[in-house]
Amino acid sequence: MQAVARPSAKAAAKSSSKKTSTTHTKKASAEAKPRRIVGVGSASTGEQNAKQNANKHKNAKAPTAGGAKKKAGASKPSSGKTSSKASKKMAPPVPTLERLKQIHPDAHCELDHQNAFQLLVATVLSAQTTDVNVNKATPKLFATYPDAKALAKAEPVDVEPLVSTLGFFRQKAKSIVGLSRILVERHGGEVPRSLDDLVKLPGVGRKTANVVLGVIWNTPEGVVVDTHVQRTSQRLGWTQNTDPVKIEQDLCKLLPRNEWDMTSHLLIFHGRRICFARKPNCEGCGINDVCPSAFDAELVGRKPARVRSA
């Protein structure tokens, strides 16, 4: 039987040392592993943290971009009252006005009157009602109270029955009696020719004052802006404002002063006869070739009238 060679003591010691070293290395490795996962100084963990931070920044920017989008969207004008499309175009003001004169050669103030006092009273009464209704009420009113002196002696309750067919008739009766008394007390019963004096009268604003100044003396201090003037001037691209005072300012900048009074009459006539609020007659309009809103349902705010073929 062959004898089995046993390792020498030196070899055994070396082997034992190796095993111990391996065991320590494994232990050290096992202990080091958790540190590397949490590890602040490890390169792989640093990259991981960098990626996480980058993702956080990316996610943080996303709502800002969305917010900016919403903000940008909020700054756009709402459709209906104004239009960015309309603001880019404009019917040439003076040439268009000349063409409107040909279309409406009889354009004039449609409130019946014989003098400045009657026009002043009729204009005060016309608020929130039609000229037609005012013209039905004023003949009897002026037959009873022909001038400021006569109306100044009346009481509002005496005048109310004569204007009861009109809206807000009680307040209007009070206004026309009140303005008549001031005309007698301060102006000798005559209508003043100054805008400042006119607007101090009860029931008289800038619009009413300019009607009187323009029609009687052709010296208006601005363009009279009513619902028809507002609508037609917006559709022509002459203004993008909805405030009557700002619309008046825009029109006064575009048109010569000697045309301010006629501008009001022409736009009112055009608004009443062709450029209706609902279903404007774009087909029958004599300025549809220059009007930026012609046949455009979005810009006119309503669908234009459909023309039926015969």
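Heads up, the Cβ atoms here are built off N, Cα and C, so glycines get one too.
Straight from TrEMBL, the features:
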- 1-94: region 'Disordered' (REGION)
- 8-23: compositional bias 'Low complexity' (COMPBIAS)
- 74-85: compositional bias 'Low complexity' (COMPBIAS)
- 125-273: domain 'HhH-GPD' (DOMAIN)
- Cys275, Cys282, Cys285, Cys291: [4Fe-4S] cluster binding site (BINDING)
In the domain 'HhH-GPD' (125-273), how many residues does DSSP put in helix, strand and coil?
100 helix, 0 strand, 49 coil
Cys275, Cys285 as binding-site residues, winner by CB count within 10 A:
Cys275
Indicate the candidate from Cys282, Cys291 with the smallest number of other Cβ atoms within 10 Å of its Cβ, considering only these binding-site residues.
Cys282
Check Cys285 ([4Fe-4S] cluster binding site) against DSSP and tell me helix, strand or coil, would you?
coil
